[in-house]
């Protein structure tokens, strides 16, 4: 599973990255959460609001930061 957080590098985007990293650790998932600050990647995904959580190249959420339990729920749902 490939997990990415995309954003401009702002504090909100960094917060989503940190929460997502913690969520994957709590779920016992191997691998690393990739943090991408290249705005062209956002455009390529068709997203205009950041931060973005993408799993296996698919946008799972954008424009807000849910709590860690919701992030874990999204990861579990898309991992199956």
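Glycine residues also receive a Cβ, built from the backbone N, Cα and C atoms like all the rest.
Taken verbatim from TrEMBL:
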- 10: active site, nucleophile (ACT_SITE)
- 13: active site, nucleophile (ACT_SITE)
- 10-13: disulfide bond (DISULFID)
- 1-76: domain 'Thioredoxin-like fold' (DOMAIN)
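The secondary structure of residue 10 (active site, nucleophile), as reduced to three states from DSSP, is coil rather than helix or strand. Between the active-site residues 10, 13, 13 has the most other Cβ atoms inside 10 Å of its own Cβ, all protein chains included. Applying DSSP to the domain 'Thioredoxin-like fold' (1-76) sorts its residues as follows: 31 helix, 17 strand, 28 coil.
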